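Only one structure is covered here, and it is reproduced in the block below.
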C-alpha cells in the first residue's frame, strides 16, 4: 500500500516553475478553519502567487463554517476546492462533538494521497493541520508537508510533548528543557490520560512531527521569543523540524457590521469593551447572568457576543428571556448583546479599548495586530497557556480566580483594563511589533517568502 502511494509523488514530479501548486488542508471548527482560510488567501496572492487547492473536510458541523467557506470561495475564484469526505461517528454522551470530528479526520488522513494524486499541475507542497500529520508524513514522504499549528508556540510545545506527558503524573508542574515550567492547572486534564479521545489522536500525530518539512505557527518572533528560540535550539525537543513563525496572518475582509458600526462611531475613543469567548465556548446561564450583572455594574460600554451552545445551529436561546426583562433592558442601555459579529471589524474600531476574551489563539492574534489589550478569562483547552503568553508578552492581564459570584471581580477588572494607560501603551507596542513582522521585509513575511521561494527552485 505505501509503495503504491509514494510512487504517485516521486520527487521528480514536484512542480519547479514560478507558480508552485500548494494544497492547504484545514481541520474542523472555526478555530482551525479561520487561520487556514487566511493562509490560503495569502499564498494565492502577491507576493507569493501560488496556485492553491483548499481541502475542505465534509461534513461540516457548524453554520459558521458553511457561511465562511461559501464566502471565501466566492471572493477567491482562482482557488480550487477539494472536498474530503470523512465518516462521523454517532454522537456520544459527554464527548465533545468536535473531538469526534478531529478523530475522524486523523483516522482518515491516510486516504488523502488518492485525492491529491489526481490534482494538476503536480503538487509542490502541502500546508496541513496537525490532524493530518501522521497520514501525510507516512504515506507521502517525498512531498514536503508543512504542519501549520493553530495555537501558540508554547502550547504546541506541550502538544509535541504529550507522548511523554501521558506517562507522567499530574501532581507537579511539567518541566520541558529551555522553557518556564507548565503549571498543571494550565494543562488540559486529558493530556495525562492516554486513553482520552483527544489525547490519543494527538499522540498519534505528534510522533510524526519530526517528518514534517517545518512547523508553521501563527505567531511572531517578539511575541514568543523564548519559546521559539528554545524550540529551534534543539534542546527542547531534539527531533522537531524548524519551527517558523509566520503571523499574524492577514485576515479576510468581510462585509461591515451595519448594525454595530454606526453605534460604535458614536462612542468615545477606547471606551467600549468587546466581550467574546469564541465559537466553541458555551457559558452556562448562571455564568452569563453573573457576567451580565457585573458588566451592568461596571458602567462600561460594551459589545458582548453571547453564546450558549458549542454548535451554533443548536443555539436557540432568546437573549431577552435569557437575561430577564429588567437586566436585559439595563444592559441594552449601555451596550449591545448579539449572537455574532465580524470580530476583526469590531477590534479594529477606534472606539474599542479592551477585549474580555477566552484567549483562543485566533482572537489573541487579532487583538495583537490591533494593539487591543486583553482581559483573559480562559475556559478550556489551550486557552490557559495562551493567556499566560498574552500576559508575558504585555498584551493583557490574566485574572486567574474567576469563579461563581464574580460580579465584583468583573467590575474591578473591567475598570482596570479600560483605565490602565500603561497596559494600553504596552498593547500598542505589541501591535506595532505585529505589524512590522507581517509587513514586507518583516520576520514573518520573509519566513513565508523563503518557504515559497524554496518550492520554486
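Just so you know, glycine gets a Cβ as well, placed from its N, Cα and C.
Checking the candidates 150, 157, 202 against Swiss-Prot: the one annotated together with 31, 34, 341, 343, 358, 361, 362, 363, 366, 382, 383 at the UDP-alpha-D-glucose site is 150. Cα separation, residue 32 (active site, proton acceptor) to residue 94 (anthocyanidin binding site), rounded: 22 Å. Ranking the binding-site residues 150, 343, 382 by the distance of their Cα atoms from the Cα of residue 94 (anthocyanidin binding site) places 382 first. Of all residue pairs in 31, 34, 150, 341, 343, 358, 361, 362, 363, 366, 382, 383, the annotated binders of UDP-alpha-D-glucose, the farthest apart have Cα atoms separated by 23 Å. Of the residues the record lists as binding anthocyanidin, namely 32, 94, 381, the two whose Cα atoms sit farthest apart are 22 Å from each other. Residue 31 (UDP-alpha-D-glucose binding site) sits 12 Å from residue 381 (anthocyanidin binding site), taking the C-alpha atoms as the reference points.
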